[in-house]
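Q: For reference, the structure I am asking about is given below.
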Amino acid sequence: MGAREILEVSKPRIVLLLVITAVTTMYAGDALSAGEPGPDLWDYAHLMAAGALASAGSSALNHYYDRDIDPKMRRTARRPIPSGRIGENIVLAYGLAISSAAVVYAYFLLNAPTAFFIALGIFSYVIIYTAWLKRTNRSNIVIGGIAGSAASWAGWTAATGTLDLLGFLIGFLVFVWTPSHFWCLAMKIREDYEAAGVPMLPVVIGMQRTSKYILGNTLLLLPYSLALYAFGMGLVYLVIAVASGGLMLVYHYKLTKTPTPDFAWKAYKVTAPYLTIIFAAVALDAAFHYPFPFPF
């Protein structure tokens with residue numbers, strides 16, 4: 001056991017994605033609201049620290065809970081617990097400690113609403129998704145997507161102290177995006193989930209129908225993302241949302257024609273950066289905020 005194993009159970013790429021989501025939303029919340037004074041650099045640092053602790057702790061608890069099924073899946077069989085590189089009780093203690101620390105840290109150094117949404121993210125990922133829905137319901141990832149939304153809502157409330165309609169809608173975008181993203185991955189590794197007895201959508205309804213669900217979800221995601229203009233976003237956001245969402249739509253349409261693991265992986269690689277791009281667009285739009293020149 002060492003730092004490498006602790007880093008691995010923390011899932012640093014997911015930590016980075018959620019911290020980017022929270023920080024860009026914090027910036028947008030500050031820029032688009034009339035509240036004064038806004039957050040300073042220390043507030044951003046505190047949000048990054050609390051978000052990283054929460055995400056890493058949740059990931060560690062996910063590793064702990066899934067220790068019985070990870071050996072059955074090629075993708076996860078070499079994780080630290082099933083490979084014997086770290087003790088399961090160490091991972092449990094680490095996950096509980098830093099998850100709890102994240103909520104306390106946010107409460108005292110940011111504000112109560114931010115601490116609440118960080119706690120919501122931890123609870124929805126660890127309890128609702130990992131411990132309950134993942135092994136029992138084919139819609140598991142749909143409901144579990146609320147964990148990603150919570151990161152955005154935490155960022156907004158860290159800036160404003162409250163969650164208004166625009167802040168809620170921006171965060172809910174993560175929830176809408178999650179099925180399109182994760183079902184592509186599930187199509188790629190369907191055999192793993194089947195071997196582990198996890199009822200992911202491709203296991204339950206097959207590859208062809210899952211590809212149609214992905215396309216249907218993306219057909220909801222694209223207009224939803226564009227509709228945010230009507231609630232306060234501007235031209236910079238709109239242009240980037242059209243381009244990135246349009247590319248996803250093309251690949252997900254092609255996936256319905258070629259519902260194979262290999263093409264699902266290509267679609268996944270297009271879908272994966274969407275969230276980072278769209279939240280960068282939120283931040284850029286907040287910085288420049290050019291209103292769209294046509295009345296809606």
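The backbone N, Cα and C atoms fix where each Cβ goes, and this holds for glycine too.
For reference, Swiss-Prot lists these features for the protein:
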type: TRANSMEM; residues: 14-34; note: transmembrane segment
type: TRANSMEM; residues: 41-61; note: transmembrane segment
type: TRANSMEM; residues: 86-106; note: transmembrane segment
type: TRANSMEM; residues: 108-128; note: transmembrane segment
type: TRANSMEM; residues: 141-161; note: transmembrane segment
type: TRANSMEM; residues: 165-185; note: transmembrane segment
type: TRANSMEM; residues: 230-250; note: transmembrane segment
type: TRANSMEM; residues: 274-294; note: transmembrane segment
Q: Go through the chain and flag residues at least 6 beyond the ends of the transmembrane segment (108-128) whose CB is under 8 A from any CB in it; none is fine as an answer.
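A: Residues packing against the transmembrane segment (108-128) from afar: 18, 43, 46-47, 50-51, 54-55, 57-58, 61-62, 65, 99, 102, 143-144, 146-148, 150-151, 153-154, 157-158, 161-163.
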Q: Going along the chain, which residues at least six beyond the ends of the transmembrane segment (41-61) come within the CB cut-off of under 8 Å?
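A: Residues 9-12, 14-15, 18-19, 22-23, 26, 91-92, 94-103, 105-106, 109-110, 114-115, 118, 121-122, 125-126, 130, 147, 151, 154-155, 158-159.
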